[in-house]
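Peer 1: To start, I am sharing the structure in question, which I have written as structure tokens.
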Amino acid sequence: MVFRKPPDGGWGWVIVVVSFFTQFLCYGSPLAVGVLYLEWLDAFGEGKGKTAWVGSLANGIGLLASPVCSICVSSFGARPVAIFSGFMVAGGLMMSSFAPNIYFLYVSYGIVVGLGCGLLYTATVTITCQYFDKRRGLALGLISTGSSVGLFIYAALQRELIELYGLDGCLLIVGALSLNILACGSLMRPLESSSSPPPEKMCVDKVPDQYSVYHEKEKTVEENISILEKGYIDEKCVNNVPDCKQESILNKNVLSSINVNEKDTYKKKVVEQTNFCKQLAKRKWQLYLTYWKDTMVLFKNKVFSALFVAILLFDIGGFPPSLLMEDVARSANISEDDYYMPLISIIGIMTTVGKLILGILADFKWVNTLYLYVTTLLMTGVALFAIPFAKSYLTLAMLSGILGFLTGNWSIFPYVTTKTVGIEKLTHAYGILMFFAGLGNSLGPPIVGWFYDWTQEYDTAFYFSGFCVLLGGFLLLLAALPCWNACTHRSSKLPPNTYSYKVASNA
């Protein structure tokens, strides 16, 4: 598929709007799962670490499956994937309303909803990057605010729905709202080139076509032979009825000789099919080896290698507050009368602000997006260290706002990835990075919950979370320092197809 030059506007703004609402509808409930988390604790009576797996799977499984999601979007396109994923998200939410135990929720809410969200996220990011180049930072910032606005609204919406209709009714209504993703996905028109000729198909694609043509030719010859024989017999029977039986006997002898030729033709077809299968398997294996070779080339880039470590540690430490902050307030014996707004809603609205501001900053030429991303990591680590010292609603609300704003760095993460590896390898590299992000999302909340189950307090857990985020930020900062590029150029040249961040960021 050949793509036109990104228009940086036009139908691209429609893509931004529908991608915004897609992320709003699919991520609203999983990101605001902290409200449901308290209800599940009371309903099933399981430990905090065990119950936290539901929300962590919902937010992590889609990222863990990012390589598969990237392959699906590359193979089928963003629009079919978005429509199919809409059914997954809506169905998983509705199934969760009938959950008899926590293990059922692992599958219905954690895996089904999480995988649907992962597919939708990859589809929206990929098609937005195709439609925008100069304004890519702004576009990614706008669509990524959809999940944050969803977090802000769904946190209050799910609480109201639980009070009115109970937990089961809440999940049914939220699942019905998610069906609107189908309408959004139908508007994701692919950016294809209608004027330039398509590239030649690979040999793997040519082989089935060649075989099908061969098969059709063989079939046509056989049909023509049978038609001629039938016409010849009919003509003889009409013109000379007494000789009809004799001609039939002679025709049997002819057919017996033709059967010998058919056996040879059948053997020829078997040989053709066998060779085709061997060639197909060989070329598929070559494609598989090429994929892993390209992956190893990516990891030769020090910035990319540090980036996957940083995103893993950031999600282990930075994601739990959005899931557990409500329980942190309850564990600190903060009265519900002091609540002016749910802490999760504060995180959501400030994440929206952070994504917009950071996305706009990423479009300025004088801003190095990698250093901007590193700054958000270091500040997040400091904020996590401060959570154990917050003993009132006001201080927790301030820290929730700070963490929400810094979590908005998700809007510039695709931008950083693109500048690091190039737009040609964005899908491949982004899928790998999102796998490690999903691993962090899946492990973070259960680890914090287990810390609480062991110590009966959250202090140790958030010290651990802050350390993880700070470690990832410092590793990424060291890898991005200009002195490393200077040392590398002095010692040896970069391998082919490998991008240094200094070169890519100036492109």
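Cβ atoms are placed via backbone N, Cα and C, with glycine included.
TrEMBL: automatically predicted annotations, no manual curation.
Residues or ranges marked as transmembrane segment by TrEMBL: 12-40, 52-73, 80-98, 104-125, 137-157, 169-188, 303-319, 339-358, 370-390, 396-417, 429-452, 464-484.
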Peer 1: State the non-local partners of the transmembrane segment (370-390) in its own chain: residues 6+ outside its ends, Cβ under 8 Å from one of its Cβ atoms.
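Peer 2: Answer is 303, 310, 314, 317-318, 321, 328, 332, 358, 361-362, 396, 398-399, 402-403, 406-409, 412-413, 416, 419-420, 458-459, 462-463, 465-470, 472-474, 476-477, 480, 501, 505.
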Peer 1: Would you say the transmembrane segment (12-40) and the transmembrane segment (339-358) are touching, if the rule is that at least three C-beta pairs must lie under 8 angstroms and be 6 or more residues apart?
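Peer 2: Taking Cβ pairs at least 6 residues apart, the transmembrane segment (12-40) and the transmembrane segment (339-358) are in contact, with 3 or more under 8 Å.
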Peer 1: Flag the pair the transmembrane segment (464-484) / the transmembrane segment (104-125) as in contact if three or more Cβ pairs fall under 8 Å (sequence separation 6 or more).
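Peer 2: As far as Cβ distances go (cut-off 8 Å, pairs 6 or more apart), the transmembrane segment (464-484) and the transmembrane segment (104-125) do not touch.
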Peer 1: Within the same chain, where does the transmembrane segment (52-73) have neighbours whose Cβ lies under 8 angstroms from its own Cβ atoms, ignoring anything closer than 6 residues to its ends? I mean 6 or more beyond.
Peer 2: 30-31, 33-34, 36-37, 40, 81, 102, 105-106, 109-111, 113-119, 121-123, 126, 315, 319, 323-324, 427-428, 430-435, 437-446, 448-449
Peer 1: Same-chain Cβ contacts of the transmembrane segment (169-188) under 8 Å, 6 or more residues past its ends?
Peer 2: 14-15, 18-19, 21-22, 25-26, 28-29, 36, 78-79, 81-83, 85-87, 89-94, 96-97, 120, 123, 127, 154, 157-158, 161-162
Peer 1: With the transmembrane segment (137-157) as the reference, which stretch in 12-40, 80-98, 396-417 has the largest tally of C-beta pairs below 8 Å?
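Peer 2: When the Cβ pairs under 8 Å are tallied, 12-40 comes out ahead.
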Peer 1: The transmembrane segment (12-40) vs the transmembrane segment (104-125): three or more C-beta pairs under 8 Å (separation of 6 or more)?
Peer 2: yes
Peer 1: Six or more residues beyond either end and a Cβ under 8 Å away: which residues meet both conditions relative to the transmembrane segment (104-125)?
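Peer 2: Here the qualifying positions are 19, 22-23, 26-27, 29-30, 40, 53-66, 69-70, 72-73, 78-79, 81-82, 84-89, 91-93, 95-96, 98, 140, 143, 181, 185, 188, 414, 430-431, 434, 438.
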